[in-house]
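Engineer: Can you keep this structure in mind? I'll have questions shortly.
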Amino acid sequence: MNLFNNNVFTICLEGLRREQRKSFSENIKKMKAFFILCMISSLRSEPQLDLPKIHTTSPPSHDGRERPEVLVLPNSYTSEKHDTQRKSPPYDSIENDEYPVNQKIQERVRYDYIPTKFDSNRDNVKVTPNNDDYDIRNQQFPNHNYQNNFNNPYGGDAFNNGNGFQQNPYDAEYERKIRIETENLRKFLIEIDKKNSAECTLNVAAQWAFETNVNEVTQIDALAAQQRYSDYMRSIWEQIKLIDKTSLYDENLHRQLKLLASIGPSALPADQLDRYNRIINDMLAIYNSATICGYEQPFQCSLRLQPHLKEIMAKSRDWDELTWVWTEWRRKAGKPIRDLFEQLTDLTNEAANYNNYKDAAEYWSFQFDTPNFRYEMEDVWKEILPLYEQLHTYVRRKLREFYGPDKINRNAPLPAHILGNMYGQSWNILDITVPYPGRSNLDVTPAMRAQGYSPLIMFQLGEEFFTSMNMTAMPPEFWAHSIFEEPVDRPVLCQPSAWDFCNGADYRIKMCTDVTHKDFVTVHHELAHIQYFLNYHNNPKVFRDGANPGFHDAIGDAISLSITPKHLQGLGLIQKSIDDTAHEINFLFAMAMDKVVFLPYALALEQWRFDVFSKKVHKEQFNCHYWLLREKYGGIKPPVLRSELDFDPGAKYHVPANVPYMKYFFSTVFQFQLHRAMCIASKEFDPSNPSKPLHKCSIYRHHEAGHMLKKLMSKGASQPWQHTIQEVMGEGRLDGSAVREYFKPLEEWLRNENLRNQEYLGWNYDGDYCKKSIETANLQVFGGFYNDSTYASISTKGLISSIFLRFCFQFSFDYFYK
């Protein structure tokens, strides 16, 4: 190819102009020679058409490995009757709690593409009509999706200048070819969609059969169905990755291919996938079987996380007992999986490479349609931080008054073991910290039981909540097949959950409902999932899911925020007025101790894993980096000195199970954002009207809120979630200001209390929390308040006696039960 074969004459003229700027007498000969050379090159140059290149090979992968050649869209697609579905998270009420029941079955909802009991049905997808007016110039779409890695290959360049194709003799033929290829691709995806739904129905039915009748036969069937679906997903992935997407103009089809081509660990070669699954199973076996001995009870060594340790952490107020339980659980559940987790990290990154992402952090972020979601979470947290600092400061004073200043410093982080939860993700210590003691929290359980409520009545009232907003009633199949009470004739897994059977008709809830206030709220949450299924069921299977992994739970929790005292009073469950400052502050305080304090925990855990996946943090820093983040975001420290011999994040279920956690951060924030938007639409919240605060708003019987919900739900995953909330709510990002607005009365009350008591706002780093090795730390931390003299005495005399007793117990156990 001649070097001057592209706009040669233009280049030459530009060179001549540059020469003219110099002295004419010095450059006349050079200009003549340059002009002659340009003319000759121009005459010899080959004719060029400004046409886009049709690629026949895929772009290089992030890991630098060669990829097989991809196919330009063929004239016909010969699918092998296989289909795929993007895996969605389980839509149940456990959110981030621990339910380690029969993990082999639970794993079906943990891997990226296995269909779950909560398969979503996406609503109407915008499909370009198949006619001669099909817009292959992409004039109806922007050049870039909002932060979702979609780049229109021909948006805004010389090829597509807003006036259509440049006129040349090949335009009509090229346009016809693209139209044919696009229509063939659409037919191919329709075929996949049908097969996908059918395969999903079979798999979900098998999982339902197991969870509603737990036995060996149903377990084997569920595992077999899971394996069948996993194999099926991979076969579709193998076909999808051969399609050349560079000449694809339809944004909807491009997004379908993008989601279908991301299958998580299933993309690994068979031997690596087997190793990946075995590592997770080994870690979960350690986690699920972990037991500890009771405090000062060396012969009672069968205490499990559920229910024993969870109850101790919530109810005990003995500093030493809580320290023992906190430390021992991490020694038994976290420390043994440290080396396995390092192997899992490498395999998870390898799986991300096969999905064409540079590491697992980028792969987990892609579901939120932005590669920088971790930084967006930090920005949101900064918006909420002033509220959290006030809450943290107030709680620290209450704990210092309870445990004494020798254990709690005035400006130090809070010890993690005295917050009423094994992980400090919620602070179940209302008996110590409640602002107005003696003013009971809202609980209508006695009234419900006195009025003869049953689980069925609770679900009927929940349905009426949605129909009052002009939303869809539950279909007959829902009432016929759902389980609302625990059966007496067979064992079931009682974890509340909503199920989509992928056939557009069968939706169910499984819940062992008790007649309690808490379960009444949960009923509304689960029914919100069913409403989501109903509203997006017209979408292709790949779009029948939440707009992002946290959307389903966010909508369910937003509905729960409307179960206000006013709503309960309208149901006749509250007879007397509780609309006073004391009850209001206690109500908001209890909610903040659950929802607000959870955010820094979720942020620290996921930022830690992102740093591990991206190799910013290596094995020798695993544990200490985790505690640096816990202190940075939440002002939390361990009760005893930690080292790199420990592995404290591994004591949380989601780490050995390799379950992403950022969806919980998103759902906790977005529920308030959605609640605010619906309340504004219903005219039940007015920022300028103190008589209509956000926390008192209920959307019950407001059609405006129902219309907003239906529009939001109907999109499913058919477009980036930022686009969806911009269209429906007028907001294009996750916004923490709604959390501040909801808790505004509480924040003002806390600020006044902290000022009145002259408390230090926030926290200061008060000593080392973690060392590379205990030896280098000399077993003591001076300047910290978590290795106090009381615990030091336990760790000498008490430690010697406990080691001796444990040795005696282990010897006798091994002797008799070998």
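Cβ atoms here come from the backbone N, Cα and C positions, even for glycine.
Since the structure is predicted, the reported quantities are computational estimates derived from the model, not experimental observations.
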Engineer: Taking TrEMBL as the reference, C679 is linked by a disulphide to which residue in C624, C697?
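Structural biologist: Among C624, C697, the record in TrEMBL lists C697 as the disulfide partner of C679.
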Engineer: With reference to TrEMBL, which of the candidate residues C502, C512 participates in the disulphide bond with C494?
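Structural biologist: When TrEMBL is consulted, C494 turns out to be bridged to C512.
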Engineer: Take the Cβ of C494 (disulfide bond) and count every other Cβ within 10 Å, whichever protein chain it belongs to.
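Structural biologist: C494 (disulfide bond): 16 neighbouring Cβ atoms within 10 Å.
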Engineer: Just to verify a number: CA distance, H654 (active site, proton donor 1) to C494 (disulfide bond), in angstrom, no decimals.
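Structural biologist: That separation, Cα to Cα, works out to 20 Å.
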Engineer: Quick check for you: of the disulfide-bonded residues C293, C301, C494, which have their Cα within 10 Å of the Cα of C679 (disulfide bond)?
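Structural biologist: Of everything listed, nothing lies within 10 Å of C679 (disulfide bond) (Cα to Cα).
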Engineer: Quick one: give me the count of other CB atoms within 10 A of the CB of C512 (disulfide bond).
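Structural biologist: Total other Cβ atoms inside 10 Å, all chains included: 16.
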Engineer: Cβ atoms within 10 Å, counted per site: which of C293, C679 has the most, among these disulfide-bonded residues?
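Structural biologist: Counting Cβ neighbours within 10 Å, the top one is C679.
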